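K.L.:
Straight from TrEMBL, here's the annotation block:
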BINDING   ASP10, ASP346, HIS347  Mn(2+) 1 binding site
BINDING   ASP305, HIS310, HIS358  Mn(2+) 2 binding site
DOMAIN    3-401  domain 'Metalloenzyme'
Amino acid sequence: MARAFLVVMDSVGIGGAPDADRFYNGDLPDLGANTLAHIAQACAEGRAEDGRSGPLHLPNLERLGLGSAMRLASAVPFPGLTAEPEGLWGCAAEISPGKDTPSGHWELAGLPVPWNWHFFPDETPAFPADLSAFVAEAAGAPGILGDCHASGTDIIARYGAEHMKTGAPICYTSADSVFQIAAHEESFGLNRLLDLCQAVAPRLHAMKVGRVIARPFVGTPESGFTRTTNRRDFAITPPAKLLTNWVQDAGQKVHAIGKIGDIFTMSGIDTLKKGPDAELMQHLAEAVETAEEGSLTFANFVEFDSLYGHRRDISGYARALEWFDHEIGKILPRLRVGDILVLTADHGNDPSWPGTDHTREQVPVLVAAPGQTPGQAPGAGSLGARAFADVGVSVAQHLGVASSGPGRSFL
Ligand SMILES: O=P(O)(O)O[C@H]1O[C@H](CO)[C@@H](O)[C@H]1O
Ligand SMILES: [Mn+2]
Ligand SMILES: [Mn+2]
């Protein structure tokens, strides 16, 4: 038997998406965006010194082949990350018509998104009047606030006080197919916000809006407002079976860590562990000790994206990468013969790029498979330039379960 650990570093892209010119941040196409290369450049040039210092230091990811994957994906130059890879490494490109989290994860799990998402226009109002009226009525409020494209931290600073006074929910969107509702955990109520999102989600899903996202926050107009970790995503259910279902249908266990439960609407998932990334890392370490033979553990680490990518915080992103590298370095030696651990990402979010949205990029695919001889496939070597869907099919192949869809196994 075998076990698999599929770990998504949310937004850790490596540039070079062949269709980057068709995706935008505001008016600027994503062509040339490269999350990791631009962070490495900034670190080497002393432009990422907040809470860390010097060149980007990722020795464990480097040994798995991260630098080689970056050079394969894109010609954007970056310093360092030159160690000889010991793992299997490659890059992967997405074909789904969205650079958002569900699109990336579904496609990694073997299922490219088969429809065009609905995106709201970058204008004010962004939402059709009947939709805004529907949401206001469901909230029992006189109207909605926001009604535009925005960064989630900016919009609560702008409308938090008015929201507390009027009870009107703050509704906003982005370059992703999302309808986000921010509300105060105490004055509006956390459960009321979650109920509101759940109530309006079917109407948004029917329009092919991928997710309704609850964005609770706390604070006061005087002290400022902060988002809490009680975010919830209400996503469309994937339209066909994918990796989690393939494994579960074969009678094998599927353990989700982090946002994976929301992203797959718990479809094909047996257990779920949630929390901030530091706790998720402990859950991953525990899973490596306790996961059953034949099981899949599927984890998402979101803070690269939510705390640093969207906030265009290069130092913070570099700190998060160095923390992740250090932690995963403690987990890698705990893997057993017969295990694979696959590290990848779902899209880019270049913190050096204009705007606050994701960036269309290729992603790294790094495979650690202990007990196999370095230099001999599948122990070490290049997987080449792959498709996202190859990741899920390869994991299925490793676990000995049947798969479907366009992916081709690299194992
Ligand atoms: O700016 P915040 O609220 O973090 O929003 C970001 O998070 C959303 C979902 O991941 C993205 O679509 C983007 O809008
Ligand atoms: Mn994501
Ligand atoms: Mn995001």
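Each Cβ is built from the backbone N, Cα and C atoms, and glycine gets one as well.
Annotations in TrEMBL come from automatic prediction, not curation.
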K.L.:
Near the Cβ of HIS358 (Mn(2+) 2 binding site), how many other Cβ atoms are there if near means within 10 Å?
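P.N.:
Its Cβ shell of radius 10 Å holds 32 other Cβ atoms.
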K.L.:
To the nearest whole angstrom, what is the C-alpha distance linking HIS310 (Mn(2+) 2 binding site) and HIS347 (Mn(2+) 1 binding site)?
P.N.:
12
K.L.:
Which ones in the same chain are close to ASP305 (Mn(2+) 2 binding site), with CB under 8 Å and 6+ residues apart in sequence?
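P.N.:
In sequence order, ASP10, SER11, THR101, ASN349, HIS358 meet the Cβ cut-off.
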K.L.:
Less than 6 Å between Cβ and the nearest atom of ligand 3 is the rule; apply it to the binding-site residues ASP10, ASP305, ASP346, HIS347.
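P.N.:
Only ASP305 meet the Cβ criterion.
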K.L.:
Return one of helix, strand or coil for ASP305 (Mn(2+) 2 binding site), based on DSSP.
P.N.:
helix
K.L.:
Anything from the binding-site residues ASP10, HIS310, HIS347, HIS358 with its Cβ under 6 A from ligand 1? List those in sequence order.
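P.N.:
Cβ < 6 Å from ligand 1, in sequence order: HIS310.
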K.L.:
Averaged over the whole of the domain 'Metalloenzyme' (3-401), what is the pLDDT?
P.N.:
96
K.L.:
Of the binding-site residues ASP305, HIS310, HIS358, which ones put their CB under 6 Å from ligand 2?
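P.N.:
The qualifying binding-site residues are ASP305.
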